[in-house]
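Asks: I'd like to ask some things about the structure below.
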Amino acid sequence: MVPLFLLLGLPFSLAGHDYGQALSKSILFFEAQRSGYLPHTQRVTWRANSGLQDGKASGVDLVGGYYDAGDNVKFGLPMAFTITMMSWSILEYGKQMASSGELSHAMDAVKWGTDYLIKAHPEPYVLYGEVGDGNTDHYCWQRPEDMTTDRHAYKIDPSNPGSDLAGETAAAMAAASLVFRHSNPAYANELLSHAHQLFDFADKYRGKYDSSISVAQKYYQSISGYNDELLWAAAWLYQASDNQYYLNYLGKNGDVLGGTGWSMSEFSWDVKYAGVQTLVAKFLMQGKAGGYASVFEKYQEKAESFMCNCLGKGSKNVQKTPGGLIFRQRWNNMQFVTSASFLTAVYSDYLSSAGKNMNCASGNVSPTELISFSKQQVDYLLGDNPRATSYMVGYGNNYPQQVHHRASSIVSIKVNPSFVSCRGGYATWFSKKASDPNLLVGAVVGGPDAYDNFADQRDNYEQTEPATYNNAPLFGLLARLSGGHGGYNQLLPAVAPAPKPVVTQPKPTPQPKVTPAPAASSGPIAIEQKLTTSWIANGKNYYRYSTIVTNKSAKTLTDLKLSISKLYGPMWGLTRRICLKLHLGLRNKLRYTKKVHTVYGKVHRVSGVVIIDSTNTYIAPISTPLEVGSWKLELQGTGFVACVNQYHCTQQDGIKNCECDGGVIGCKSILYKAICCKENYLLSHQNLSRASGFKGRLLGRDMIDLQPFDDCIQWESIASFFCDLVEPSSKIIRMD
């Protein structure tokens, strides 16, 4: 038997693991998943900016956040769960992270996510839950920097609720507020305010988010419903606010929402019951149950049932591979491994701090046995398995080389900036039987099957695709294994409780109105900005601001460029929500003491800027035609159209319409009518027909530079441009 034992044991790694190195790598992975404008501190240097137009067509800034896995979609539910688990990891094991020098990186990872969640929650009862959709995204294999897929933004609101999405996002905001409570209290308060509003939204307008955002059903269907997220959010809000209302909510709703009834063998982005039960068991051990002790004991019973099932000592034990890994499903099984192992580690420390053991069907279990189970699962992941394979990319000597991940599998745009097309990426990169050109350090892939088998192939997405929610609970667990318990009392509150418990139900706080900060008045230009009036229409608050630009230099300015940015939300006189950014090139010489006075809020003409909304309900007045070289140019609908070469005109209702001969600018070969008028007049908005548009920039006399599209889209933002009325041949700048 001894030779047989040695033969079977050979593939396993016998050396101890460097949990500190694995911790560093597991956090670094999140920088590879970033969307938006990457910061100067970015350490994954083969990535670049991406998704810079996200939300724009819906009038909201949704730039930023994380891509969930190997694709380029931003799915709100798993992203929020990722942030909740990263925050929980820091709250439990932040001291260990600090000792290893990784706490700041971990907090940066959380803030990258919460900054996005704040943007995604522009109103108390509105939450954007997805940008892009899996169907169009999966049709293409492109770097995030190249993606041409649909970036539609999907939201939930009272008419289209999503209690699971809003509840999980509330939990993420509440948990993250604890992370920043000491280092950035103002930011923590902002997060907590959003969390209160989102919980109210989730509880008041109940429904499954994937019924409202149906494109998510194929990828992140909420099978468990929303009851678990309501309890999960309440638990985190109680921890973050010490508000008795949320503790009462857990006590009163434990039975009806399933917290005391469901005995689980899974903890994931979809099913939160085991997490809720673990937190409520903590409250019970902290002596905070009050009059709900009997209810909280039921929560604890179910929490310990989960732990026992993981250990193989319960009544519904989890399946394990021959090598000892928890096995739940073939597709991305490792997500269940890391989340379950985190819970058993945390509960082990709770029990140790309380000086208790727990009882399973097969006998008494000590805290040491729980943490040993967590360690065994992590060791398997890092290479102690029948294949001697590390399922964390970049850790160890034998790890996946062909990860199912668009960005890592395609040469970096910084190395080769040539555009990678939608389908061309499949032909050139996806099918390439070679190691990834970019090492996705720290990524935890889906892992082996039920028999410890694993195929390192890019098209094997079930096993080789990573995900953010695989890593989020893992880096807390790695910090625990790296730094040890350290004698910390895990039952102590993460932050000091409020002096007097609050018992009243929180009232959703209206989103603070954003008053643009006055621009710096340095140099020869003074800029004065102020709120002039406000009003309410159809239940919405509107604000008017005025800006005065003064030339103080005693010289004539021949070139002045102003920027108005971040005007989000409803705009008076327009029916669609917009995100407006104007770059005004002013060449009508601004002389000494002369002031340019502009008003924005109710859209006015701003020194030659014309603004038209997509339903033609408002057009800013302008008395002079807009001339480009020898051509007269008008706006039609929401896109720019112009004759590039020859044209012929026909008379129609007193309006001279032009159809360009072979020169119409539009999506692919679709023809758009251009209005090319020689007379000095501008069409009224009643005569403007709507154009389902394209995006382009006016570059000079008669050139329009179109941004490339694989498909035509409806461009819903406002079209506007500045035309120099003094020098007809000067450059025209497009703004959107």
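Note: Cβ is positioned from N, Cα and C throughout, glycine not excepted.
According to TrEMBL, the record shows the following:
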type: ACT_SITE; residues: H404; note: active site
type: ACT_SITE; residues: D456; note: active site
type: ACT_SITE; residues: E465; note: active site
type: DOMAIN; residues: 525-623; note: domain 'Carbohydrate binding'
type: SIGNAL; residues: 1-15; note: signal peptide
Asks: How big is the Cα-to-Cα gap, in Å, between H404 (active site) and E465 (active site)?
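Replies: Computed Cα spacing between H404 (active site) and E465 (active site) is 5 Å.
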Asks: Looking at the active-site residues D456, E465, which sits with the largest number of other Cβ atoms within 10 Å of its Cβ?
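Replies: Ranked by Cβ atoms within 10 Å, first place goes to E465.
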Asks: Measure from the Cβ of H404 (active site) and count the other Cβ atoms within 10 Å, all protein chains considered.
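Replies: Around the Cβ of H404 (active site), 24 other Cβ atoms lie within 10 Å.
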Asks: Suppose you look only at the domain 'Carbohydrate binding' (525-623); what would the mean pLDDT be?
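Replies: The predicted confidence over the domain 'Carbohydrate binding' (525-623), as a mean pLDDT, is 44.
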Asks: Quick one: Cα separation, E465 (active site) versus D456 (active site), in Å?
Replies: 10
